[in-house]
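A short worksheet on the structure shown next.
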Amino acid sequence: MVDPVPEEEKEGAEPGGSEGDEATASEPPDAQGAQQPAASSASASAAAPRKAEVPCGAEGGRREQSPLLHLDLFNFACPEAEGSRYVLTSPRSLEACARCAVKPVELLPRALADLVREAPGRSMRVATGLYEAYEAERLAKLQQCRAERERIMREEKRRLFTPKGPAAAPASASASASASALSGGSSSSCSSSSSLPASPASRVARRTSPSPPARSRPPPAGSRTGRKSHSLDSLSRRRDGALSSESGASSSSYSGESLRELRWPPRASARNSCPAGSASSAPNPLGRPSALALVPLTARSFSLGDLSHSPQTAQHVERIVRQVRAERGLRGVPERDRKIAALMLARHQEERLLLEQRAAAHGQWEQQRVRAEQRREREEREKQRALERGRRAWAAQVEERRGRRGREEREAARRRQQQCERSEERRRELAERQGLLRRERVERAARDDRLRKLQQEQNLKQREEGRQEGRERAELVRRERAQRAARARERQEGQLQREKRELSRAERARHEALLRGRVRQQQEEREGLRSSLEASLGRAQENYEQLQEQRARELRERARREELQGRRAKEAAERKEREHQAHLEALARAGERRLQHAAQVAEEAVQQKARRVVQTRLEKERAQRANKEKVERDEDCRRRELLQAIGRKLERSEQLSRERRSALESARSTARASFHVREKVREETNTRSFDRMVREAQLHASLDRK
């Protein structure tokens, strides 16, 4: 739940900017978005410390930012955090959830597809009912946590605006009493939430706290500036009291939890009452001084530059440089290589401390993961048992429905068989009477037409009545279904089953009505079709005879027209041939005239082109002679200049080679000294394998050859 800053706090309650419990981001309680994956949590944790820096920088020069304060952007640099399905949230929201005994993950919305995927045997209607029940429960919990969070915000504002002096003592006493009551009342919620895997940022925050009693020391209740001081002097005093002579600075394990402890000590002590939230009580299996003991409550992480500039690191580097000078007899080591050696030593110290912290945190995380696995297994077993019960009930209902449907189908098949037998009997009778009824075809056709019209009108009337009845029944079923759905949201699973039975009964009645209407319609259509076919057969025979006579007349008329068109086409073709021959003769005469004119023009063009070619050749010969003389003169000048430049380059190259040899000797000496210093640092910080020793021997041999 995101913790927005109220208008009163923006105006004067906390002048340091937005509060520190915006240090982490999460799914808001009043937002209905989907659950964030671990990658979004990681990005939120990377962006959250930047929010935590805002109060220090928003003072406008009243308080100087400490250059020793650094943020830890590697809260999720572990394999366990990659698959985490939990999100970070603000301290107010966490405290509200703890007071209401609600896990933060229960406030996240779940998609309907997740419920269907978890129980593949359930029908979509059952999954929808479960989803609605889950959403109603989630919204109720969300409203409860939201109200509790508003109550916490009012308590904080009341505590912030409490006047200093004697009147502040009762307020501080009541605040401590409420904090102790909160810690006692939320012990069950702490125990329940401890079974869940904690988010990586909160895990790192708990890892940095040395002991639970150290976190329960709040500053004076009336001094807000004491809780928010981040000056250089206070940070220096904290660092001097926290760091020993062996470790020049603590590792980069910043967490927003320590910043929250400085600003909200009552809530920090309430959270400390949960025994599963501290990792400092875990034993150190390696037998080395634990990194958790090096970071007290008010300590801050320091950069690699702070570690490299510590006096112990500088003395260590000086000792290595003196040792290399004494052993190798080389010149002094440059300042840059001294800094590199100091950084190597500082990085080794930082990695060692970070490994110890991660080992302790991983042990705590593994315990919480095992507890979460056990809880998930129990829930899965309960879910499977409920699923098996639902599956058995569903199988019994399906079997009962299948038997009922089989009986209905057998009854319908028997009725269809009887109807088919009756229709077959009528067809045989009609076939026997067909010879007798052929003479009365005209009268029967008229009578059949009248009967068919009457039957069609009756069919239309019955069909419209059936449709109206179906619509009324469907509307009735829809209203009943809406009423049952409204009642089902108020009642439980029993009423859902009754609704299903009523729905299936209504559907069965509608299905039977549709079947009866369809059978009656098919019967009527079959009788009407038979009578219409007999009438259309007689009309078709008469039409066929008329068509035969008409087709013979059309064929005779078409033959006469085609003969007339053939004579006309032959005359037109002869006339067109004569015109074409005359046109070809005219074209031949015009082509001869054009050829004579073109030959004359081509002869004149050839003579003119020959004259131009002779003149162009003479001009090119004169230009070639002039260019040849100019090229010879330029070549002589270039040759003389090239000889002079070669002489100057030879002199310059000899001078540069002498300077290069002297600089190379100096650089090799410095490189040997730097190399030996770094090797000394590596020998003290790293373990040497056989392959590393072989490579070092080869490198020494190549340096000695140089």
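Positions of Cβ are set from backbone N, Cα and C atoms, glycine also.
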*Among the residues SER211, SER310, which does Swiss-Prot list with the feature phosphoserine?*
SER310
*Could you tell me which of the ranges 268-287, 428-447, 608-627, 628-647 is annotated in Swiss-Prot as region 'Disordered'?*
268-287
*Helix, strand, coil residue numbers for the compositional bias 'Basic and acidic residues' (548-580) per DSSP?*
33 helix, 0 strand, 0 coil
*DSSP helix, strand and coil counts for the compositional bias 'Low complexity' (664-674)?*
11 helix, 0 strand, 0 coil
_Across the compositional bias 'Basic and acidic residues' (448-529), what are the DSSP residue counts per state (helix, strand, coil)?_
80 helix, 0 strand, 2 coil
*Let me know the model's mean pLDDT on the coiled coil (360-624).*
83
